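Remarks on the structure that follows.
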Amino acid sequence: MKSLVLLLCFAQLWSCQSAPQGAGLGFRELACDDPETEHVALIAVDYLNKHLLQGFRQILNQIDKVKVWSRRPFGEVYELEIDTLETTCHALDPTPLANCSVRQQAEHAVEGDCDFHILKQDGQFRVLHAQCHSTPDSAEDVRKFCPRCPILIRFNDTNVVHTVKTALAAFNAQNNGTYFKLVEISRAQNVPFPVSTLVEFVIAATDCTGQEVTDPAKCNLLAEKQYGFCKATLIHRLGGEEVSVACKLFQTQPQPANANPAGPAPTVGQAAPVAPPAGPPESVVVGPVAVPLGLPDHRTHHDLRHAFSPVASVESASGEVLHSPKVGQPGDAGAAGPVAPLCPGRVRYFKI
């Protein structure tokens with residue numbers, strides 16, 4: 001009798017050990033570094049970047065968790081938690097993600113945290129749920145390894161607003177073509193030595209020419225939007241200020257015949273102080289939706305929590321079908337072998 005009891009116990013123990021993880025719970029578990037998991041994670045990042053209207057494009061840094069749920073009658077749903085890092089490419093920049101550099105820790109990096117539910121059915125992928133938020137590295141941590149590195153400051157900082165207005169005025173003064181308006185302050189930093197302010201901002205072409213503008217408020221954005229991304233530095237000296245600005249204009253679709261073509265984007269060196277232009281417009285159109293600009297706010301970065309509308313965060317109202325990204329991201333090594341534990345996966349760049 002005792003032998004029979006022992007035999008039954010061993011049989012139950014063997015069945016528990018041989019069952020795959022997640023069996024009986026309605027899901028299967030994959031390793032976070034499994035090629036299948038990484039494939040779906042890259043689809044999630046591609047979806048995120050396509051829905052960004054402000055701030056900077058994201059790149060996959062780490063896969064934290066993954067579960068694959070069966071969906072009746074067909075298909076399965078991937079439940080993912082991933083970490084991303086900010087790149088130096090703006091959300092409106094058409095540069096392929098593989099050519100975008102990851103913003104380094106010395107530049108005051110920003111990390112994103114995202115949850116995705118992605119349906120796979122008949123070989124196609126559809127995002128059912130997407131929710132993200134992002135957080136900059138703490139100033140204290142940045143100063144630990146780089147005491148003189150520039151630190152993120154608020155968009156509504158007096159020096160930031162002044163630097164953006166001065167830089168945009170300098171750009172328009174040197175540009176003999178289209179007059180550009182401010183769309184977004186994307187990033188701002190204080191530099192301790194030499195004392196200066198670094199800013200990155202987005203501009204858009206209007207139906208005015210630079211030499212004819214008397215009232216910027218009457219200048220309207222073109223029907224075929226053309227955006228540009230600018231980086232500027234304003235050095236604060238006792239004897240005055242020095243501003244330098246460089247803008248990259250993004251390619252646009254053919255414009256109407258009566259639109260003024262934009263000239264080449266000049267780089268302004270050490271320009272004399274320029275009278276700031278009129279304040280920014282009350283609202284501008286960014287991508288498919290209107291985004292109120294108003295006055296710069298107290299944020300230091302554009303949080304990913306604003307990337308998705310309430311509809312998109314639950315399910316794609318348009319039934320958008322997603323396809324695998326054609327180009328892998330930079331710095332990716334080959335697929336990792338079996339790991340223990342299954343998750344979290346490897347860190348591709350750095351943790352903050």
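Using N, Cα and C of the backbone, Cβ positions are placed for all residues, glycine too.
Here is what Swiss-Prot says about this protein:
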DISULFID  CYS32-CYS343  disulfide bond
DISULFID  CYS89-CYS100  disulfide bond
CARBOHYD  ASN99  N-linked glycosylation site
DISULFID  CYS114-CYS132  disulfide bond
DOMAIN    144-250  domain 'Cystatin fetuin-A-type 2'
DISULFID  CYS146-CYS149  disulfide bond
CARBOHYD  ASN156  N-linked glycosylation site
CARBOHYD  ASN176  N-linked glycosylation site
DISULFID  CYS208-CYS219  disulfide bond
DISULFID  CYS230-CYS247  disulfide bond
COMPBIAS  256-273  compositional bias 'Low complexity'
REGION    256-280  region 'Disordered'
REGION    319-338  region 'Disordered'
COMPBIAS  328-338  compositional bias 'Low complexity'
Euclidean distance between Cα atoms of CYS247 (disulfide bond) and ASN176 (N-linked glycosylation site), Å:
14
Three states by DSSP: which one describes ASN176 (N-linked glycosylation site)?
coil
Please count the residues of the domain 'Cystatin fetuin-A-type 2' (144-250) that DSSP assigns to helix (H, G, I), strand (E, B) and coil.
22 helix, 52 strand, 33 coil
Between C-alpha atoms, which of these disulfide-bonded residues comes nearest to CYS230 (disulfide bond): CYS89, CYS114, CYS132, CYS219?
CYS89
Going by Cα-Cα distance, which of the disulfide-bonded residues (CYS89, CYS146, CYS247) sits nearest to CYS343 (disulfide bond)?
CYS89
Here's one to test understanding: among the recorded positions ASN99, CYS146, CYS149, CYS208, whose C-alpha is closest in space to the C-alpha of CYS89 (disulfide bond)?
ASN99
Take the Cβ of CYS247 (disulfide bond) and count every other Cβ within 10 Å, whichever protein chain it belongs to.
22
Along the domain 'Cystatin fetuin-A-type 2' (144-250), what average pLDDT does this model show?
94
Number of Cβ atoms other than its own within 10 Å, given for CYS114 (disulfide bond):
25
